[in-house]
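Since the structure comes first, as C-alpha cells, the remarks are kept for the end.
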Amino acid sequence: MADLTVPEITIDPPLAHGRFTISTLISAEDSAKYQYAQSDSGTYEMSNPDSPTHTNTFSMRTFGYNTMDAVPKYDYYTNTQGPGQSRTHRPSLAQLHTFRQVSVQGSLLSIALEGFTDSADGEAKKDGEDEQSEEKPLGEPVRFGWIKGVMIRCMLNIWGVILYLRLPWITAQAGIALTWLIVFMSVTVTSITGLSISAISTNGKVKSGGTYFLISRSLGPELGGSIGLIFAFANAVAVAMHTVGFAETVRDLLKEYDSTIVDPTNDIRIVGVITVTCLLGISLAGMEWEAKAQVLFFIVIMVSFANYIVGTIIPASPEKQAKGFFSYRADIFAENFVPKWRGPDGSFFGMFSIFFPSATGILAGANISGDLKDPTVAIPKGTMMAIFWTTVSYLAISATIGSCVIRDASGNLNDTLLAPSTDCVGLGCDYGWNFTDCAKEENCQYGLINYYQSMSMVSGFAPLITAGIFGATLSSALACLVSAPKVFQCLCKDNLYPLIGFFGKGYGRNDEPIRGYLLTYFIAVGFILIAELNTIAPIISNFFLCSYALINFSCFHASITNSPGWRPSFKYYSKWASLFGAIVSVIIMFLLTWWAALIAIGIVIFLLCYVLYKKPEVNWGSSVQAGSYNMALSYSVGLNEVDEHIKNYRPQCLVLTGPPNFRPAVVDFVGTFTKHLSLMICGNVIIGSRNEKLHELNSGGGHIKWLNKRKIKAFYNSVVAEDLRTGVQMLMQASGLGKIKPNVLVMGFKKNWQTAHPNNIESYIGVIHDAFDFNYGICVMRMKEGLDISRTMQAHITLDPDSLIAEQQASTVFQSEQGKKTIDIYWLFDDGGLTLLIPYLLTRRKRWEKCKVRVFVGGQINRMDEERKALIALLSKFRLGFHDVQVLPDINQKPRPEHVKRFEDLLGPYRLNDGFKDEATISEMKKEFPWKISDEEVQKNKAKSLRQIRLNEILLDYSRDAAVIAITMPIGRRGKCPSTLYMAWLETLSQDLRPPILLIRGNQENVLTFYCQ
C-alpha cells in the first residue's frame, strides 16, 4: 500500500489541568529555559505553540522536557460526569507511540490531543471550555453522612415491635443467659454480614441500588438480579408488615377506650391504608424530608428508652407489684437467669426464630447507597455502629427487665401476703405477694412470661413506650418504603428482566424513583388489605436471609479468587468468616421455617435460570469471572501433569476462516462437532505490513461477538504476516495453551487456484506440508458453491463490533436438519482413524443423528466378503455404530477417457514440456518455476493421478445425494509432487459433487482404540 501524503496540521493542545492549575504560573521567560538549542533546519521550538510536538508547560515544568504524556488525573478513570461535563481521555498508546497523522478525506486519523474531551455531538473540545447545557441544572442532590444516612437508618430498621413486645417474653422463657446467647448468635450473623458489606462496598465506587448493586457487581447479574427482585419485593411487603403492626397497636388503643371505627379487622385496614399513604407523601417529598422524619422517630425511640430506664429505678407502686415489678432485686436476677420453657414455642430455637428477625435491618443504609456522600466510608462505619448500639440496647433491656420483674403475677391487689405461709410458692412470697394459685395453673395474666406489655408496665410513663412502638414500626415501614424503590430502580436500569424498565426512570436532583414509590405503595396496600400476614412473614425473613447469605458468599468468593481487582479499603474482614456467615444464614432459613426457605430458594433458582438463559450483555467484572479464570488456569496447568491417552483424544481444530463471517459454512461445520467437546480456534492471517495492519489486528472483539451471536463455542486468533504460509505457520506454532492446543488444521478448498498466481498455489500447498511437519491432521472442506461469501454479500472487513453483530447472519447447510440422508465415508487409507472420527462426532448432534453412515473401502473382487467382514469386525470394536460397510472392487479400473482428457487439460498450463531439453535447462527452469510439472513427474505420478480421476467417478456414482462426504485425502510427497499437480489431484477428486466434501487426513497416529486402558 502506497504511503499517503497528508498535509501538515498544527494544533495547540490546551494546558493540562485537573489536580493543578498551572496556566498562570509559568511565564514565557520561564518556558524559554526549557528550550533546546535549535539548528537552522526548520525544526520547531518546544515552546512554540504551533509546533506539532508542543503539549503543555506543566510537563516541561515538572519533568524538564516537553512530553505529550498526561499526569495522573481522576477524570481519566471515572465513568460518570456531572451535568454539562464531557468525558476526558488520556492520550492513547498510538498517539504516544506512533507518528502523528491527520485524516484528510478518509485517510487515517491519529492526532494526540491531550486535554481534549469527547462532547455529546462527537466533536473534540478543550477541557474547561464553557458549554451551554440544554437542560436547566437541577442543583446538587441531597447527600447524607454516615450518622444520618446509615447508622440512624439501620438502628431504626433493626429496632421494631419485637424489642418492645417480645424481648421481655423471650427473656422470661430462655432466661437472661440464653437470651444473651440468642442475641450474640443473631448479632454474629449480622456482624459478619456487616463486615462483608463493608468489604464489598469499599472495593470501588458504589452507586445506587444497595444490596442488589453490591451482589450483582460482585457475583454477576445472575444471582444479583434474582436477589435484587425478591429483595425489593420483600421490602415492599415489609412496608405492609410494619404498617399493620402499627395499625394493630392503634386498634388495641381504640378497643381499650371503646372507640372502634368499624370492626377490629377493618380498623386495621383503614388505619393501615391511611398510614402508608402518609408515609408515601413523606417519601415523595424527597429524601431530605424522609431523613428528617427518621430523625424524629429516632428521638421518640430514645425518649422511650430513657423513660423505660427511669421506670426501672423508680420504686414500684402496689399496682406494679401486683403485676410482678419489684425494681432491681438480686434474687429476681438469679431466678430469671436460667430458662423456664412454656408453651409450644418453648425451646431455644423457638425463641431464636422469634428473635432473629429483630436483628435484621442492617441493609437499610446500604440500600440508599446512591444518596450517601461517601458510601465507601458511610456504609462500613454506619452499619457496624448500628449493630453495636442495637446489640447493647437488646442486652441492656434483657438484663434490666430480667432483674426487675418476676415471671408470674396475677395483677390482683388482694393477693398480698399478710403473714408468712408455707403454702406460698415463688419469689413473690418474699416481697409480700402470693401468686401461687395462678402460677401453679400457669394462667397468670401478668408477669414477665405472660404479659407482653411488660416494658410499658415498668416504664415511668406508659404512653411513651407506646410512642416508641409507633416510632419503631413507622420508621421501619418508612425505611422499607424507601429501600424497595431504590433497589428496584437500579435493577430496572440494568434491563435484566422484561417489562420492568418503565419503573427505572428517576426524577429530580436525587433521581427519585417516583414510579417505584407508587408501585411499592400499591403492593403494600394490597397486603395491608389482607390484614393477615402471619403466612407471608416467614417468607420475607427468608428473603432477607437469602440476601445475607449471598452478600457473605460474595465477599468469600471475591477473596478466594485472588483477583487483582479485589482491593477493599476495609481490611477488617475474613473470607472464612464470610463463608461461615453464608452457611449459617442458610441454616437459619430452615430453622425459622423450612417450607418458607424452600420457597425462597426456589424463587431464587427460577430467576437465576431465567437470567442464565437470557444472557444479558453486561460485564461488571464479577468474582464469578475471576473464579472462572482461576479454574480454567488451574485445570490447564493440571493437564500438563497428565499423559495423553487415545481414549481422551479430541479433534482440537485450528480453522483458517479469515474473518469468521466470511466463511460461515466452515465455521458451522467445525462448530457442530466441537461444541461442548473440544477446542476450536478461528485463525485469521492478515496479510500486509505490521504497521499498516496493527489496528485490524487489535480489533478482534467484533469477531468474537459474531461467533457468540451465532452460538459458536470458539476462540478467535489473528496474526499479521507477509504471506499466508508464514501466518499459518505462526498460528500452528503459537495457538493453544499447554495441552489445550490444536491438533487438526481445517481449511477451505482453494476454488480459484486455476486463476490465482502460482506463488499462491505454492503457498497453499505449503500450508498442508507444514501442517504435516507440525504433526497436525488435515481437513480440507469443499462446497460446490464455495465457502467465501464476502463477495456474494458485498461484505467488507469491518472493525466495528456492532456492525459485525448487526449484519445479517448467513444460513448454511450445517444449520439445517439433515433428515434421513447418508454420511458417506471413504476410508481408503488408514490415517489413524480421523477420517472415521469426525463424521462420527457429526452423528452425535441432533441435526445429523438420523443420517445413515456408510463406510466405503477398497478391495479385491475375489475377497470382497472377507474384507467386508474384517472391516465390520474392526468398526464394531471401535463402537462407532457404523454397520453399513461396502467394498469397492472397481476402484482400480481405468477411468473414462473423457475424464482423463479433462485432467490432462487441467495440467496443461502448468506443464514444463521438457521432453526435448537437456538436464541443465530443465534444472534451471525448475528453479525459476518450481510449480511447473516436468514430464518425468507426470509419468511417475500417473497411477496416482488416474486413481483420483477414478475415485471422482465412484463418488459421483455412489454419493451424489449424500448429506456429506468424507474421504481420505491423498498425500503428495514433498519434493516429488509439485504443488500444481497436488492441487490438480484435489480438484479432480472433489469436482462436480453436490454435497459438501471433506478431504481428511490424520497424522498417522491412532485416534481410535478398542482397549479400555
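A Cβ is built for glycine as well, from the same backbone N, Cα and C atoms used for every other residue.
The annotation domain 'Amino acid permease N-terminal' is assigned in TrEMBL to 53-111.
The domain 'Amino acid permease/ SLC12A' annotation in TrEMBL covers 149-654.
As a whole-number mean, the pLDDT of the domain 'SLC12A transporter C-terminal' (663-799) in this prediction is 88. Positions annotated as domain 'SLC12A transporter C-terminal' by TrEMBL: 663-799 (among others).
The domain 'SLC12A transporter C-terminal' annotation in TrEMBL covers 809-1012 (among others).
According to TrEMBL, the transmembrane segment annotation covers 146-165 (among others).
Residues or ranges marked as transmembrane segment in TrEMBL: 177-203 (among others).
Same-chain neighbours of the transmembrane segment (223-247): 160-161, 209, 211-213, 215-217, 267-269, 271-272, 275-276, 279, 367, 469-470, 473-474, 476-477, 480-481, 483-485, 487-488, 490-491, 494, 496-497, 519-520, 523-528, 531, 533, 536-537, 539-540, 543-544, 546-547, 550, 600, 603-608, 611, counting only residues six or more beyond its ends whose CB sits under 8 Å from a CB of the stretch. For 223-247 (among others), the entry in TrEMBL reads transmembrane segment.
As annotated by TrEMBL, transmembrane segment applies to 268-287 (among others).
Feature annotation from TrEMBL assigns transmembrane segment to 293-314 (among others). Below 8 angstroms of C-beta separation, residues 148, 152-153, 155-156, 159, 282, 327-328, 393, 397, 400-401, 404, 455, 458-461, 464-465, 467-468, 470-472, 474-475, 478-479 of the same chain, each at least six residues beyond the ends of the transmembrane segment (293-314), sit close to that stretch.
What TrEMBL records for 348-366 (among others) is transmembrane segment.
Within the chain carrying the transmembrane segment (386-406), a Cβ under 8 angstroms from the stretch's Cβ atoms is held by residues 150-155, 158-159, 163, 167-168, 170-172, 175-176, 179-180, 183, 187, 190-191, 194, 305, 308-309, 312, 324-330, 332-333, 335-337, 358-359, 362, 365, 426-428, 435, 447-448, 454-455, 457-458, all 6 or more beyond its ends. Look at TrEMBL and you will find 386-406 (among others) tagged as transmembrane segment.
Positions annotated as transmembrane segment by TrEMBL: 461-484 (among others). Long-range contacts of the transmembrane segment (461-484) within the same chain, counting only residues at least 6 positions beyond its ends with a Cβ under 8 Å from a Cβ of the stretch, are 153, 156-157, 159-161, 163-165, 210, 232-233, 235-236, 238-239, 242-243, 245-246, 249, 253, 275-276, 279-280, 282-283, 287, 290, 293-294, 296-298, 300-301, 303-305, 307-308, 311, 361, 363-364, 367-368, 453, 455, 516-517, 520-521, 524.
Listed as Cβ neighbours of the transmembrane segment (514-531) (distance under 8 Å, sequence separation of 6 or more from its ends, same chain) are residues 233, 235-237, 239-241, 243-244, 247, 265, 268-269, 272-273, 276-277, 280, 283-284, 481, 484-486, 488-489, 492, 502-503, 505-507. Annotation comment: TrEMBL describes 514-531 (among others) as transmembrane segment.
Annotation comment: TrEMBL describes 543-560 (among others) as transmembrane segment.
Here TrEMBL flags 580-613 (among others) as transmembrane segment.
With Cβ pairs under 8 Å as the measure, the transmembrane segment (543-560) is packed most heavily against 177-203, out of 146-165, 177-203, 348-366. Broken down by DSSP into helix, strand and coil, the domain 'SLC12A transporter C-terminal' (663-799) contains 55 helix, 28 strand, 54 coil. Packing against the transmembrane segment (348-366) from elsewhere in the chain are residues 149-151, 153-154, 156-160, 162-163, 166-167, 170, 173-174, 178-179, 182-183, 185-187, 189-190, 193-194, 197, 201, 210-211, 214, 339, 372, 375, 378-379, 382-383, 386-387, 390, 394, 476, 479, 483, 537, 541, 544-545, 547-548, 588, 591-593: each is 6 or more residues past its ends and has a CB under 8 Å from a CB in it.
Note on the transmembrane segment (146-165): residues 242, 245, 291, 294-295, 297-298, 301, 354-355, 357-366, 368, 371-373, 377-379, 381-383, 385-387, 389-390, 393-394, 397, 452-453, 455-456, 465, 468-469, 471-473, 475-476, 479-480 of its chain, located 6 or more positions outside it, place their CB under 8 angstroms from a CB of the stretch.
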